Amino acid sequence: MVFWEGYVSDETMGTIAPIVVYWLYAGFYQLLPPLDMYRLHSRKEEEEKNSVPLVTVVKGVLFQQLVQATVAKLLFLLTSTADASGTMIQPSIPVQIVQFIIAMLVMDTWQYFVHRFMHQNKFLYRHVHSQHHRLVVPYAIGALYNHPLEGLLLDTFGGAISFLVSGMTARTAVIFFCFAVIKTVDDHCGLWLPGNIFHIFFQNNCAYHDIHHQLQGTKYNYSQPFFPIWDKILGTHMPYVLLKRPEGGFEVRLKKKD
């Protein structure tokens, strides 16, 4: 039993909820006070280094979400196994947990190799992936600011493949897609907040990803959004140290490998 049962279908919820959750969570970060004592970059750095205005970022994210919603609706339509009454038998909680973990690993695998290829292929980097790196100083709303082709290949296809391989139902997908969205937004929030559960339970967090957005770190820390497994296996893992800045906040510095 879920709170939306009887109001909207799981398929509709799986299409709409990740978009709503994105703007609620990213909007929460956007509406926070400056919190200079927790920022990974100063506000001056954000203004000077980022080469795209907020309104352009918002438009880009909305377009990607339109594409994602269209693909999700089609995906759910083609894979629905509900009976004539519209009822879908849900697997047990342990099975759903296993499906969730499989989906996380599949998404990580897909995004690592597509992301890395977009850096290694000069044409794709120059004409596609560089759009995301115009935000040298990441912030929450810009988490899904990508070139449309990258948004389709990296995020939309990655989500679809994770859903298909894991065998999860649309109901489980609602939770998984919303969680993936929250994690992606948090990885771009640019704030090292005390007690943040994503910093506690995930090595792949906003500081880890911040290294990748720095000029000297673009060939490292490709993994997203959950675990740094592939970075560690394939030698692209770059550890970091967090240093307090005299003027407040933190600085993420590359920690040279031994």
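Using the three backbone atoms N, Cα and C, a Cβ is placed for every residue, glycine included.
Please treat TrEMBL annotations as automatic predictions, because they have not gone through curation.
The structure displayed is predicted, hence computed values, not measured ones.
According to TrEMBL, the features are:
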- 100-236: domain 'Fatty acid hydroxylase' (DOMAIN)
- 12-32: transmembrane segment (TRANSMEM)
- 96-114: transmembrane segment (TRANSMEM)
- 135-154: transmembrane segment (TRANSMEM)
- 160-182: transmembrane segment (TRANSMEM)
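Mapped onto DSSP classes, the domain 'Fatty acid hydroxylase' (100-236) shows 97 helix, 1 strand, 39 coil. On the 0 to 100 pLDDT scale, the model's mean across the domain 'Fatty acid hydroxylase' (100-236) is 96.
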